[in-house]
Amino acid sequence: MEVLYRSTRGNGSTVTASNAILKGLSEDGGLFVPDQIPALEVPMEQLAQMSYQEVAYEVMSRFLTDFTEEELKKCIQSAYDQKFDTDVIAPLVKADGAYYLELFHGSTIAFKDMALSILPYLLTTAAKKNGVTNDIVILTATSGDTGKAAMAGFADVPGTKIIVFYPKDGVSPIQEKQMVTQKGDNTYVVAIRGNFDDAQTGVKKIFNDSEMKAELADAGYQFSSANSINIGRLVPQIVYYVYAYANLYKTGQIQPGEEINVVVPTGNFGNILAAYYAKNMGLPIKKLICASNDNKVLFDFFTTGTYDRNREFILTTSPSMDILISSNLERLIYRIAGNDPEKNKVLMEELTKDGAYHITDEMKAQLADFYGNYATEEETAETIRKIYKDCGYVIDTHTSVAATVYGKYTKETGDTAKTVIASTASPYKFTRSVMEAIDEGKYASMGDFELIDQLSEISGVAVPNAIEEIRNAEVRHNTVAEVAEMPAVVKNILGIK
Ligand SMILES: *Cc1c(COP(=O)(O)O)cnc(C)c1O
């Protein structure tokens, strides 16, 4: 059955999957959502025998229905290959009473690789299918991980350019070094004086600027997005929840049909929305546990029904979750508003105007699948230390936010259902915070790369390639700009007067 996509703020008109991927964001400022969530339909016995790539095909082909089998399989084979340091792509590690789904075995060692290693293939295939002759300019705002993963995916891909904006003081030293050393003649990195929300809002504004769109078209360019507002990011993220479940089934850790919980450290609400879509496809998921750091706007939302970004933006040790405007929540709001674009639009306009909105009790009642909580900085560090001491397993700060919230959830509810925790980054990406959590006195005075070697020693995990690569890499990008200058920076890069 064909799945079409419509905007969360639109008039009901639909586009094909490949068109939704090409556009990134709808012209009316809304996000594309599938007009139905397809059923998974493949028996678990079968999924359990499949490779990651095979599961990816089963899941993605149900959403991206205008891609041919040959096209989609080619995209999948090109994406999930030797770039990952393990054949299983997303291993499941049992530790401390939960299953850690390690989503950081790709080329930039964060979970963004799971979708961004395939997005360039989906996008260039979509361009070909739709007869696009313009070069595609990928505009990306990043809280640290998307930018690098998107550049790694798009570097030197013919017919594309990629421009990444990141908050100057809002990313980890390793994240920054990974970005500013990025190779490729079509990659551009710009630090902005502002936070992630400023970067994301700036990018959305450029997308909705019709004058700029026309200027770009004249110069032979069109924009698309590598942020999780692009449906081409979201669909590949559904795959690993199905794969994880199939893995638990295959290894006899769960019975047929047994419900599991999923815990996701959340920022822009993309990863957890993918888990929600997996549940709606029929995957037996009990609770979707949404974990926030001190920027706990989502916890407050799930508790009170009020989304309120009017608060201090806090820089934490889990910078990829330092976000107050969770873009993908709009897709959930649209759904619990009865797929009503008008109702959704009113709320999103209130968010833009007043920085807050309130949902009705009727809408709130539909959020029963979700549980929200948050972890403070101290709790996050304590959990890293405890799991290391008890199990010898080292997790990163973002994953620790999730593990901490899972602890709060079981304490509150007594729920003993098997639980998968999305492990979204390698501890090597946030080495300083991780090592100082383990033993501040011992590690605080050491340099970044000294800490990396120490981490390897205590964890027994070899230093990943992504880190070795940047040890002595040359800095290639050093542009810093004000938020207001973002459109000018883009024009300058593209040589538009
Ligand atoms: C991006 C990111 C997150 C947040 O994911 P969302 O899909 O934005 O909710 C969590 N952890 C890490 C390491 C990330 O890079």
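Heads up, the Cβ atoms here are built off N, Cα and C, so glycines get one too.
In the domain 'Threonine synthase N-terminal' (5-80), helix, strand and coil residues by DSSP number 34 helix, 8 strand, 34 coil. Per TrEMBL, the feature domain 'Threonine synthase N-terminal' maps to 5-80.
The domain 'Tryptophan synthase beta chain-like PALP' (101-421) scores a mean pLDDT of 96 in the predicted structure. Annotation comment: TrEMBL describes 101-421 as domain 'Tryptophan synthase beta chain-like PALP'.
If you look up TrEMBL, you'll see LYS112 marked as N6-(pyridoxal phosphate)lysine. Mapped onto three states, the DSSP output places LYS112 (N6-(pyridoxal phosphate)lysine) in helix.
Long-range Cβ proximity for LYS112 (N6-(pyridoxal phosphate)lysine), meaning a same-chain Cβ under 8 A and a gap of 6 or more residues, is found for ASP145, THR146, LYS148, ALA149, ALA150.
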